[in-house]
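Got these off TrEMBL a minute ago, pasting:
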REGION    A:42-64  region 'Disordered'
REGION    A:77-112  region 'Disordered'
COMPBIAS  A:99-112  compositional bias 'Basic residues'
REPEAT    A:222-256  repeat 'PPR'
REPEAT    A:257-291  repeat 'PPR'
REPEAT    A:292-326  repeat 'PPR'
REPEAT    A:327-361  repeat 'PPR'
REPEAT    A:362-396  repeat 'PPR'
REPEAT    A:397-431  repeat 'PPR'
REPEAT    A:433-467  repeat 'PPR'
DOMAIN    A:616-699  domain 'Smr'
Amino acid sequence: MATSLSSVIQISFLDTKTTRTRFSIATPTLKSHRKFFTTCSKSTPDLPVSETTPPNNNIKNSSLSDQLAPLANSTLSTLPEDQPKLLPKPNPTWVNPTKVKRPMLSHQRQKRSSVFYNPQMREFQHFTQKLNNCDVSSEAEFMACLEEIPSSLTRENALLVLNSLKPWQKTHKFLNWIKNQNLLPMETIFYNVTMKSLRFGRQFGLIEELAHQMIDDGVELDNITYSTIINCAKKCNLFDKAEYWFERMYKTGLMPDEVTFSAILDVYAGLGKVEEVINLFERGRANGWKPDAITFSVLGKMFGEAGDYDGIRYVLQEMKSLGVQRNLVLYNTLFEAMGKVGKPGFARSLFEEMIDSGITPIARTLTAIIKIYGKARWSKDALDLWKRMKENGWPMDFILYNTLMNMCADVGLVREAETLFRDMKHSGQCKPDSWSYTAMLKIYGSEGDVDKSMKLFEEMTKFGIELNVMGCTCLIQCLGKAMEIDALVRVFDIYVEKGVKPDDKLCGCLLSVVSLSQGSKDQEKVLACLQRANPKLAAFIQLIADEQTSFETVKEEFKGIMSNAVVEVRKAFCNCLIDICRNKDLLERAHDLLYLGTLYGFYPTLYHKSQHEWCLDVRTLSVGAALTALEEWMTTLTKLVKREEALPDLFLAQTGTGAHKFAQGLNISFASHLRKLDAPFRQSEDKVGSFIATKNDIVSWVQSNSPSVSIAT
DNA sequence: ATAGGGTTAG
């Protein structure tokens, strides 16, 4: 769904009597294609809200989502689909003071109580140090140290100690000690400081326990308590807990301030509840809240994850109109979000805006940009940026080095990658890790450079660099293409011994080597590797090679194997299996497999028709699969001609030019197969990688030549 | 420094 900027941010007035401001964010990821999430601004005299939500004094007893649900439902249902987007502006009346506004969040950030440290501070610092030097696991040692407390404990000293104890176990013990000794009245701040320490240790269970203690003992939970609880839950992936405490806060009548509120938006964003986030955000906005850069960063990340480009633009637009300054983290977040939705041009211009505004990028910023350029194959921009990084002395870290090398792998820059790899080794700060080696293996693998690949592999073994499945796949691919099967088997064995679990991509790679090594004695060796990586797949090869196996059996097993494999490799598996069949001269089986692959949707763009032209697009097929598809097509056309059905004027078969890595040699093999079938297609002169035939060509070919095209059926 | 919120790689 293409969405224009004007539909991203709409302020429209639904009618002239009751002025409403409507902010709408189109979110293409949501089920309904044109669903607008609406909220109403300050002056909302007769919103449906009043009919469907409880009166103001009941708010304390309803959760926020309860309060918001009727609003969302009623406003959505009152908007007709064909509502004009922009109506002429009447004179808006912005404020209607007679109407009760239901606040969403407190505009004032919670004030901190001041803590004055006293002259005993040094003694207590010393005391804390001793506690910190205790063995964490020894309860007795810690308790003994506690006995040496310098003097009676004051509120300030207790806070000093709680703030400085590490790790969380000690903070927790100290809090319990204060409590049990009955030395001081227990204040919220003691719990808050302790919870902060527990949050570092991701101890949500203990945090929740403390919160319940507070409730039982009548200690007030404030915004700082709630935001700490919620953020800890979030860090521990306990989103339901985060939601629970947030709702509890509302139920007890405490308004979140902007910090707690943005934490909650982050929770809903993390849950993928985009609607809820937008609703909450807009409700807050309608109540006059001015979000800060951190909140916008939360929204930006969410839109990135949702693949919502318009949402990202909305963030920038909204910040601009509210006059909220962008900062480095916000930029980083937006660049990372843009990496998820593509958009290299937008990222580039925003990056320049950032530089112009005087913000210096950090390694993380540059990583995000380089990743975007690499993905988009923008090698020139990527290299320009690398040059600028060096000239300006912008900071590098190992992730940035690895990202740069990966970008080189994506766009085929061998020498640049080698330079980066060398730089990294000599930088003194970043040592190449398994990611760096994998990027280099990817490059040498796609170059087919066996010597350099093997040298890297030996280096990895020597330096004890972790071997991972992706590096293994690159090496196997490289060795397979070079038919270095003994080395391949050795490499495979070493990886498996080191605990690398073959994944579907590695199996696909082995499968393609099986098809390449047809007729050689080495095929058995590769099959043995495949047998260890994926026994079912290896067994399936035996099954289809046996001409006695029925179609029904093949279909069942095929279905089982494909549904166990990840989506990305299914077509590749099918292509390789067809190749294997054709290499064994099992044409009928090859056609069965192509049929099954089409049936399960692996080849959705293989055939397409328009009124004047029918196309066979084999660009992402292997050679064997492409030839099978061609035969299938010719058989179908023969039938149609014989039945004298309507045909288009033109027939087009596309193989591509071989730029695609699977399509190497496809064009040549396809042409030779056309000659073998004596099919009337010729290379198109103006469309490279295409073969064309007219209706007349096809009809006369069928008439003169039809028996020869019928395949064994 | 000293009770709370946002951003990393196949």
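Placement of Cβ uses the backbone N, Cα and C atoms for every residue, glycine included.
All annotation found in TrEMBL is predicted automatically rather than curated by experts.
Mind mapping these onto the model and telling me what they sit next to?
In the repeat 'PPR' (A:292-326), helix, strand and coil residues by DSSP number 27 helix, 0 strand, 8 coil.
On the 0 to 100 pLDDT scale, the repeat 'PPR' (A:327-361) averages 95 in this prediction.
Beyond the ends of the repeat 'PPR' (A:362-396), by six or more residues, the same chain brings 328, 331-332, 335-336, 338-339, 342-344, 347-348, 351, 354, 403-404, 406-408, 410-413, 416, 427, 429-430 to within a C-beta distance below 8 angstroms of the stretch.
For the repeat 'PPR' (A:397-431), the list of distant contacts is 363-364, 366-367, 370-371, 373-375, 377-379, 382-383, 386, 439-440, 442-443, 446-447: same-chain residues at least six beyond its ends, Cβ to Cβ under 8 Å.
Outside the repeat 'PPR' (A:433-467) by six or more residues, the chain places 398, 401-402, 405-406, 408-409, 412, 414, 417-418, 421, 424, 474-475, 477-479, 481-482, 484, 487, 491, 494-495, 498, 500, 661 with a CB less than 8 A from a CB of the stretch.
Across the domain 'Smr' (A:616-699), DSSP helix (H, G, I), strand (E, B) and coil residues number 40 helix, 14 strand, 30 coil.
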